[in-house]
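A.B. asks: Below are the structure tokens for one structure; questions will follow.
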Amino acid sequence: MLLHIVARGRIGRSPEAELVERYVKRLSWPYKLTELPDTGGKMPAVEHGCRIVMLDETGQVLPSRDFAATLEKWRDSAVREARFLIGAADGFDDAQRASADLLLSFGRATWPHLLARAMLAEQLYRATSILANHPYHREG
Ligand SMILES: C[S@@+](CC[C@H](N)C(=O)[O-])C[C@H]1O[C@@H](n2cnc3c(N)ncnc32)[C@H](O)[C@@H]1O
């Protein structure tokens with residue numbers, strides 16, 4: 001299953017870009033990044049078999065094992081792409097939120113979108129490590 005991050009804003013050469021790179025280069029699942037401008041731009045077509053995960057402060061706060069279990073369930077039911085949407089400064093509106101298969105929150109604090117991208121990259125690596133029984137993830 002393709003892990004596809006579709007993010008608003010350019011990350012360029014930055015500390016956040018290094019963080020994203022640190023985690024995505026370790027992913028054993030197919031991965032793709034699409035950057036869109038802060039406003040406008042063309043969202044890649046959503047094909048059949050795509051699940052939309054919208055990152056949003058108002059969403060569900062999932063333990064990493066539950067996030068991993070969601071990815072596992074989708075992968076095992078022949079979902080071809082999990083698409084992760086990260087908003088710009090104004091975030092998403094209610095209609096956009098309603099269109100998501102999963103609203104995912106990294107807590108109730110508002111994070112800069114580039115940090116949210118780095119946090120997502122880490123969680124994707126963590127989730128896929130959990131599914132591979134790799135010892136990266138530990139719980140006390
Ligand atoms: C600066 S935030 C936008 C905040 C804005 N107040 C709003 O209306 O949502 C930019 C993007 O970063 C992501 N983000 C920021 N904080 C987040 C959090 N706690 N959980 C999940 N995603 C978050 C979301 O994708 C959000 O659209």
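Positions of Cβ are set from backbone N, Cα and C atoms, glycine also.
Okay, these came from TrEMBL:
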type    : residues : note
BINDING : L55, G87 : S-adenosyl-L-methionine binding site
A.B. asks: If you count other Cβ atoms within 10 Å of each one's Cβ, which of the binding-site residues L55, G87 has the most?
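C.D. replies: Result of the Cβ crowding comparison: L55.
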A.B. asks: Let me know the DSSP-derived helix, strand or coil state of L55 (S-adenosyl-L-methionine binding site), please.
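C.D. replies: For L55 (S-adenosyl-L-methionine binding site) - judged by DSSP and reduced to three states - the answer is strand.
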